[in-house]
């Protein structure tokens, strides 16, 4: 396991995201009184967002970090490496789609793979350009999605499988980018912010403090704007009127509490004023980016103070692909209990595995596979003979 305080903190944040996703898959969305359960209040929508933002941080680290942005042949090598990562992660996700029922868990890996593909043109952008692009995505993409989906209703998209990709490739592409549970075009906002953060001087306390402050400000602003639009301007009354024409009161209460499956209805633009989990509205994106930044910054600061206490989370966070796949397999196994007991059992098993494995290996087994394949392609591109050398046989 990596030992620098910065990396321990980042791995711990990634481990926390994994634990949050496991919690959402095990706990009920609401308590007996109809209010959001503690697990869903803390983790629903936020854990997956943190996972995606940290993907951007990881890509920044593996493509030069603060030292340089890849250009020329190095850009080609890093792009090829990312595409190989996307291919493997996507293939694993599609395979898991055959195993995991949608009502048990939404498999994020195919969407994660799509984000890796979309990251390729971002590799050479500056941090400022990434922040600007992320802001544009937050402000514009949800509205564009709302217009493109006009006349349709949000549906629970089944977990994608290899069969789906072969039989309906265009439908899979649309689901991956616009209509699915983690629509990649909107979720590029997390990637842009993560890339920008990964290129920042995270060894500086001032920079990490700024990350936390920006995160807190985004949370406060998104909550305030949503409240203003819904409860002061009158959006909630309009939503009540429209929603109850197509939903029962219980269904309406459920979606406002536990969230959507990646998109909101298009029967009124007032849905865009909400920030329910997995609604992918501008306010949802801003809110969850803020939470992710604050959590990441806090974990990095904690890593400076103590690596020992964070070691279990950091060990899990250093191999989230492996542990996420193990979690989904266990979730589908009849012998593994559900509910709070299943949550505790899974977290204990996965963290124990991570701690034991990390004693002898720098990466998890799946992470090693992906890194070796991506590294081999990267080295091959860099080692390819250059063509068209000018002046190679210049006359004297």
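Backbone N, Cα and C atoms are what each Cβ position is placed from, and that goes for glycine too.
Any TrEMBL annotation is an automated prediction that lacks curation.
Annotation source TrEMBL lists domain 'Acyltransferase 3' at 8-357.
Sequence annotations record features per position, and here TrEMBL assigns transmembrane segment to 7-27 (among others).
Same-chain residues lying 6+ beyond the ends of the transmembrane segment (39-61) with a Cβ under 8 Å from its Cβ atoms: 10, 13-14, 16-21, 23-24, 26-30, 82, 108, 112, 115-116, 119, 123, 182, 187, 190-199, 257-259, 276-278, 284, 288-289, 291-293, 295-296, 320. Marked as transmembrane segment by TrEMBL: 39-61 (among others).
For the transmembrane segment (82-100), the residues of the chain that approach it from at least six positions outside its boundaries are 59, 63, 107-114, 116-117, 119-120, 123, 158-165, 321, 325, 328-329, 331-332, 366, 369-370, 373-374, 377, judged by C-beta separation under 8 angstroms. The feature transmembrane segment is assigned by TrEMBL to 82-100 (among others).
Residues or ranges marked as transmembrane segment in TrEMBL: 106-123 (among others).
Residues annotated as transmembrane segment in TrEMBL: 130-148 (among others).
Residues or ranges marked as transmembrane segment by TrEMBL: 207-230 (among others). Residues 197, 200-201, 236, 239, 270, 273-275, 283-284, 286-287, 289-298, 300-301 of the same chain sit 6 or more residues outside the transmembrane segment (207-230) yet have a Cβ under 8 Å from a Cβ within it.
Counting only same-chain residues 6+ beyond the ends of the transmembrane segment (285-302), those with a CB under 8 A from a CB of the stretch are 5-6, 9-10, 12-13, 16, 45-46, 49-50, 53-54, 57, 134, 137-138, 142, 186, 189-190, 193, 197, 202, 205, 208-209, 211-212, 214-223, 226, 275, 309-310. Annotated transmembrane segment per TrEMBL: 285-302 (among others), in sequence order.
Residues 1-2, 8-19, 21-22, 25, 51, 89, 92, 96, 99-101, 104-105, 107-109, 303, 307, 342, 346, 349-351, 353-355, 357-358, 363-367, 370 of the same chain sit 6 or more residues outside the transmembrane segment (314-333) yet have a Cβ under 8 Å from a Cβ within it. The annotation transmembrane segment is assigned in TrEMBL to 314-333 (among others).
According to TrEMBL, the transmembrane segment annotation covers 339-357 (among others).
Below 8 angstroms of C-beta separation, residues 15, 18-19, 22-23, 26-27, 311-313, 315-316, 318-319, 323, 326-327, 330-331, 364-365 of the same chain, each at least six residues beyond the ends of the transmembrane segment (339-357), sit close to that stretch.
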